[in-house]
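Features as listed in Swiss-Prot:
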BINDING   Asp23, His24, Gly25, Lys26, Ser27, Thr28, Asn140, Lys141, Ile142, Asp143  GTP binding site
DOMAIN    11-193  domain 'tr-type G'
Amino acid sequence: MNLEELKKRQGKIRNFSIIAHIDHGKSTLADRILEKTETVSSREMQAQLLDSMDLERERGITIKLNAIELNYTAKDGETYIFHLIDTPGHVDFTYEVSRSLAACEGAILVVDAAQGIEAQTLANVYLALDNDLEIMPIINKIDLPAADPERVRTEIEDVIGLDASEAVLASAKAGIGIEEILEQIVEKVPAPTGDVTAPLKALIFDSVYDAYRGVILQVRVMDGVVKPGDKIQLMSNSKTFDVAEVGIFTPKAVGRDFLATGDVGYIAASIKTVQDTRVGDTVTLATNPAAEPLHGYKQMNPMVFAGLYPIESNKYNDLREALEKLQLNDASLQFEPETSQALGFGFRCGFLGLLHMDVIQERLEREFNIDLIMTAPSVIYKVNLTDGESMDVSNPSEFPDPTKIATIEEPYVKAQIMVPQEFVGAVMELAQRKRGDFVTMDYIDDNRVNVIYQIPLAEIVFDFFDKLKSSTRGYASFDYELSEYRPSKLVKMDILLNGDKVDALSFIVHKDFAYERGKLIVDKLKKIIPRQQFEVPIQAAIGHKIVARTDIKALRKNVLAKCYGGDVSRKRKLLEKQKAGKKRMKSIGSVEVPQEAFLSVLSMDEE
């Protein structure tokens, strides 16, 4: 293609993504757009086509982003090239959303006609506005009996401040309004602005590992052109590779002769190791490099940490490889090796949130076949020592001696909870119980309220989300962002079995709740740990002070069964002998801790 044609083609490209709260019909809308533009033949069509991971289909959520090229012939007779970049809607995957948005010029905002705006919708809209995207509101599910498009229209205008007068009323399920949406994309989404003649700059927004071709980069070309045979250079580490193949996704990978400015596609350059590529890096040509990289994504910092240990210790290396492969297309997963006396060798992993943690654990168990034990999740605490030093600690077993600690600060998040009016009381009670501080609340419409609290992240990490859903019959939606660190009265609680600390069961707790938390745990462990041949005390301790204790009674054989009648001293001798045996056993015996014991520390408030 000559320059003229490339520039003309660039004017026909539209890059957009779809943003929505969970279950507002984002993946279904993507399906309809694929069908309408005949990208996928009806034979290959299946619901939620872009959610290709089993886990995504089962949970009905989108986890990974996906990029597809479609051709659409508009009413003006021209054929346009659409790049649809599908994004997740869940709070833990915000970084996936920000990555998708960095590759786009426009965003379709899908809002459910019955439910209206939810917390996540807002969070994603703000991300889109940060990226200066053209936002097109669409009111979806208008075929539902409870749909009230006019109310939602005013909501979009009042709460977000977007002009919704031209918002398309659609039903992705019934296929209503799809054509209008496509026409609006052509009219409203701007064409890419890059320069074809400039040195190549392409943003890596994802990467996947292929056993045959190495690491395959998914890129959005911002400036210039890339084709097979070029020598590319990664700007973060200056490594160079030879391009073997470039192409696009129509969900399947299809090879192309080149990728030019505005294109979204993949580059295969036989990159062998996972560590060479970072999502958010800039690809340029080694022969004619760009002067400076694109500003990538802000590095996502993990907020939740937990230990992952293989149940079979010989699977340790498999677990490392699996984590490396997951890290390849999940840049926010961090891990480092750690050992525990109770669990052996494993990794300390950092996650963005609980759903992220859950999904990673499931992917490890499914895709890589590794059975795992996971320790209680914790957050990063700032510990200020008496000698003026300060340290960041995410693992309870690394906490310094209590006598050396001056103060401990913990992270607080600003939580936005959107909830129908009748549940406001329940939500406030829950937030108070989780040590939350009330900030403000405002009414979105006659019925829905946005309540804002400052809550310690450590309290949210446990089971806040489940509790919120159950106390509001599932109507609340919830979004949080890290706000600040505050000093708190925190203590580290150790659990002792038979006098020995079990490092994997230690956790950090607020001083005011320490006693009841300790009592709860020892009672719970008593039910779970099987009885031994000797008595096992279970203790909860803060430093050297025991705050709760319970004993697992010993199993004992009736040694007097063979003494029909007989002298009392004979009986006493047998009992003393048994007692001495038990004592000896106790001094050398070790207690097996079953898997459930570690999990019981997680699910604290179920009683």
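Backbone N, Cα and C atoms are what each Cβ position is placed from, and that goes for glycine too.
On a predicted model such as this, the values are computed, not experimentally measured, just so you know.
The Cβ of Ile142 (GTP binding site) lies under 8 Å from the Cβ of Ala113, Pro149, Leu169, Ala170, Ser171, Ile176, Gly177, each of these being in the same chain and 6 or more residues away along the sequence. Counting Cβ atoms from all protein chains shown, Asn140 (GTP binding site) has 31 others lying within 10 Å of its own Cβ. In the three-state DSSP scheme, Ile142 (GTP binding site) is classed as coil. Confidence annotation: the domain 'tr-type G' (11-193) carries a mean pLDDT of 71 in the model.
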